Amino acid sequence: MTHRRWFTPWLLAGPAILWLAVFNLWPAVNTVILSFTNAKPIGGGRFTGLENYGRLLDDAQLADALLNSIVFMLVCLPLLTVLPLLLALLVQRRIPGITFFRTAFYTPVIASAVVVALIWGWVLDDRGLVNGLLGQSGLSRSPVPFLTDRWLLLFSAIALTVWKGLGYYMVIYLSALANVPRELHEAAAVDGAGPLSRFRHVTLPGVRPTMVLISALISVSSLRVFSELYVLSNGLGGPGGRDMSVVMLIQMYSRGFNGHLGYASALSLLLFVVTLGPMLFLLRLNRKAA
Amino acid sequence: MTTAREPGTTAGTERARTKPVRTKPARTKPARGFNTPSPARTAARYLLLVLVLLLVTGPFLWQLSTSLKGATEDVYSRTPSFLPDHPTIGNYGQVADAIPVWTYALNSVIVAAVCITGNVVGCTLAGFALARLRFRGAKLVLGLFLATLVLPGEVTIVSQYVLVRGLGLADNLLGVSLPGAIAMLNVLLMRTAFAAVPAELDQAALVDGAGVWQRLWHIGLPNVRGMLSVIVIFTFIGAWDDFLWPLIVLNDPQKYTLTVGLQYLDGTFSANPRLIAAGTMIAFLPIVVVFALCQRFFFKGVEEGAVKG
């Protein structure tokens, strides 16, 4: 026996189990229940059957939001699987001062998305740094509407997401690179393989599983975008509200006079369904590793 | 709801796949030609490092510079200058006139403190029970903790709001901090940490007649300090940086946390970029200090291939 009284483990795990039930399992169940009602921030709550789900089908803003997520994913996937690997190779060798560079490259990761978006909003402003430099160099006469054009705003949000994510994935790659046996590199070098050939035949195969893992992580996070778009567009979602993400729609419908908690819940379940694929894939990768 | 961590992040999955092919006998000293690059290459590496450094820190420095520029100085940059002509910290005082920024900072600290306390206590106790005590139903409980990991926080945020409102905690800092006060991922991380403590230590203590509390306090805890500090750091960062949840829960501008307050400042006083810049620096600098102080813990694990995101 590891303990004398049968309830000791339940006593220790009690608070966590309470949180599991109250703040995780119950809200999950309640999301499903709410999605069949017309619950409002004030009042409502009548059962309305599949009405909210019908509304999902002809919501033009949702269609835009899903399109935005796909664009987000398509741009972020190649950039954030390749650039952080190159960055990790750059900071891998323990040369003097490398800890400083590593820490500096990680800084955008620990900064709040709100802080980062406010900084970029200022850098990309009509009268901001980038437009100032562009105007000065004569590259563009009128300011580039980074934050007021439907597509430029989306790409600005993508750019800052990539910039903020570099350090995060760099650290994961750094950890993976540390696990590629030195002997393989040395053997390849002895056999006359140059740096490029060693990268292709030793490094790449060594970090391939990590690349798969990172792709899955990026797929999930592309679907969960919120703060970047929200802050860059001042909470409005760009021209005509076309630069919304699914999470922005969820937030929009959970508050205010036009709020609709039932519909927000249906949107949440949609978000759950589209993230489930990459999430389960991630969990399987984790299982295999353990 | 943490920004810096995703559930299920594991590095080091590739260890199993790469075959340890050894063509030469192991040496104590590495071969010269392989390990020592030419000075030109090292110089090129530093050059690249500095270039990336400019790209990464440039926007932060630009913001810092804007926050220090005086009212008479042109911040709209026909000719951008990184160094303020008349550096002043007056903007930091003026932010406090525009919004109660120090109250916001205090609110963020309160939320972070509740989350850290809850996670340290709750996850330690539960992690120990799940890893070290055998009891009926343990498997089921563990499975449920694991299952929550496939649920992104945003999915349940609406019904969490409904719940918090039902508890009478809407528009309340306790309502902001309570749901994250015991994070499921951290319970699992603590369980993993406790499971790695050698079983012999426990056995020996059992023979000596040690109870559950003594084993947790004297054998478990000293061996999981590393994981505990990682959880403290990331809980702080997560709570301090979180935006969506406090944005949904809070109404009263007096109760805003820093992130929500900054967005509010941006919406109301967008005319003066110096003030917004000063505000972002107030939100950003504490996190840099905390991370700079704790980065030892963090990068130590990375090189051993053991970091969890």
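Even glycines carry a Cβ here, placed using N, Cα and C.
Positions annotated as region 'Disordered' by TrEMBL: B:1-36.
Residues or ranges marked as compositional bias 'Basic residues' by TrEMBL: B:18-30.
What TrEMBL records for B:46-64 (among others) is transmembrane segment. Beyond its flanks by at least six residues, the transmembrane segment (B:46-64) meets 82, 277, 280-281, 284 of its own chain at Cβ-Cβ distances under 8 Å.
Within the chain carrying the transmembrane segment (B:104-128), a Cβ under 8 angstroms from the stretch's Cβ atoms is held by residues 173-174, 176-178, 180-183, 186-194, 216, 220-221, 224, 228, 231-232, 235-236, 238-240, 242, 246, 255-262, 282-283, 286, all 6 or more beyond its ends. Feature annotation from TrEMBL assigns transmembrane segment to B:104-128 (among others).
TrEMBL lists B:105-294 with the feature domain 'ABC transmembrane type-1'.
Summarising the annotation, TrEMBL assigns transmembrane segment to B:140-163 (among others). Counting only same-chain residues 6+ beyond the ends of the transmembrane segment (B:140-163), those with a CB under 8 A from a CB of the stretch are 1, 7-8, 130, 170, 179, 184-185, 187-188, 191, 244-245, 248-249.
Using a Cβ-Cβ cut-off under 8 Å and counting only residues 6 or more beyond its ends in the same chain, the transmembrane segment (B:169-189) has close neighbours at 1-2, 5, 7, 107, 110-111, 114-115, 117-119, 122-123, 126-127, 130, 145-146, 148-149, 160-161, 227, 230-231, 235, 238-239, 242, 245-246, 249-252, 255, 257, 308. The transmembrane segment annotation in TrEMBL covers B:169-189 (among others).
The transmembrane segment annotation in TrEMBL covers B:224-240 (among others).
Distant neighbours of the transmembrane segment (B:275-294): 60, 63-64, 66-67, 91-92, 94-95, 98-99, 101, 105, 108, 229, 233, 236-237, 240-241, 258-259, 261-262, 265-266, 269; these residues of the same chain sit at least 6 beyond its ends, with a Cβ under 8 Å from one of its Cβ atoms. Among the features that TrEMBL reports, transmembrane segment is placed at B:275-294 (among others).
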